[in-house]
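The following features are taken from TrEMBL:
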{"type": "TRANSMEM", "residues": "24-46", "note": "transmembrane segment"}
{"type": "DOMAIN", "residues": "39-289", "note": "domain 'G-protein coupled receptors family 1 profile'"}
{"type": "TRANSMEM", "residues": "58-80", "note": "transmembrane segment"}
{"type": "TRANSMEM", "residues": "100-118", "note": "transmembrane segment"}
{"type": "TRANSMEM", "residues": "130-156", "note": "transmembrane segment"}
{"type": "TRANSMEM", "residues": "199-219", "note": "transmembrane segment"}
{"type": "TRANSMEM", "residues": "240-259", "note": "transmembrane segment"}
{"type": "TRANSMEM", "residues": "271-291", "note": "transmembrane segment"}
Amino acid sequence: MDNQTEVRKFILLGLSNVQGLQKFLFMLFLLLYLSTLLGNMAIMIVVACEPRLHTPMYFFLCNLSCLDVFFSTVTVPKMLAGLLLGHQGISYTGCLSQLHFFYFLGSSEAFLLAVMAYDRFVAVCNPLHYTLIMSPWACLLLAVGTWTTGFLHALMHTVMTSRLHFCGPNHIQHYSCDIKPVVKLACNSSQLNVNLLNIITGSLAIAPFVFILFSYLYIFSFLRLKVQSKEGRKKAFSTCISHLTVVALFYVPVIFNYVPPSLGNSPRWTMIATVMYTVVTPVLNPLIYTLRNVEVKRALK
């Protein structure tokens, strides 16, 4: 890899070149990042310390909070440095590392949201067998499976990107090392990388999303036809709506970025979509789950 690569450093052009806007964006994203850390770490601590929350739903919520903390940390500190100091340099190895962890954590979160939908499906539609189906061992396997699948997906893109030859220019039109702006700088053919991005990553974005939609269609039909208790329906709807809100905030910009033709989007719109699921969604997740969840609010108090 070292013998084939002439460019040893990339320049991240960042979100904006307007000086006044950069200071405003720095303060805004710094506040959002700190809120992400505090909110998600609070959820992890509360779930760990409160025995009443030692259930599959909150186990997966704890995993989601952990992913959100790491997912934001992969890109946001570098973006903040760029907004404060101007264009940021990143080494070739650092760029590949950022790319790997970006896709590792993002893919894992996409699969975890599908697992959380499955958990709600079992809890609502098959409550008598819930503890058997969602046993601690099954929950652990599902969590490990989401993280492992995300890692393997990211490893594929990292290896394929490392095979490209970069001989200049080295300016990346993004605030992080995303595959789309990086492969545009390759001197040799990157068609295979583009195909993998469109087919594999596009499929990994669509498949869990479709699974979640069908799961909730069945859940809402079940609640309407089979559950007579208004209180039971209200509680189930509240939990499901919280999760669906998180799904919409995460999947809509992801699908915009990675469903073909993924390379046809303008760099500005691509960055805005990326900001949505790397900065905005992680800071909103704790609020969505706590504001609509009586058990979490009680545990926090």
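From the backbone N, Cα and C atoms, a Cβ is placed for every residue, glycine too.
Note: TrEMBL annotation is automatic and uncurated.
Counting C-beta pairs under 8 angstroms (sequence separation of 6 or more), the transmembrane segment (100-118) fails to reach the transmembrane segment (24-46), with fewer than 3 such pairs.
Note on the domain 'G-protein coupled receptors family 1 profile' (39-289): mean pLDDT across this stretch is 87. For the transmembrane segment (199-219), the list of distant contacts is 103, 107, 110-111, 113-114, 117-118, 120-121, 124-125, 153, 156-157, 236, 240, 244, 247, 251, 254-255, 258-260, 262: same-chain residues at least six beyond its ends, Cβ to Cβ under 8 Å.
Within the chain carrying the transmembrane segment (240-259), a Cβ under 8 angstroms from the stretch's Cβ atoms is held by residues 64, 106, 109-110, 113, 116-117, 120, 124, 180, 197-198, 201-202, 205-206, 208-209, 212, 216, 219-220, 265, 269-270, 273-274, 276-277, 280-281, 284-285, 288-289, 292-293, all 6 or more beyond its ends. Within its own chain, the transmembrane segment (130-156) is flanked in space by residues 56, 59-60, 63, 99-112, 115, 118-119, 122-123, 196, 200-201, 204, which lie at least six positions past its ends and keep a Cβ under 8 Å from the stretch.
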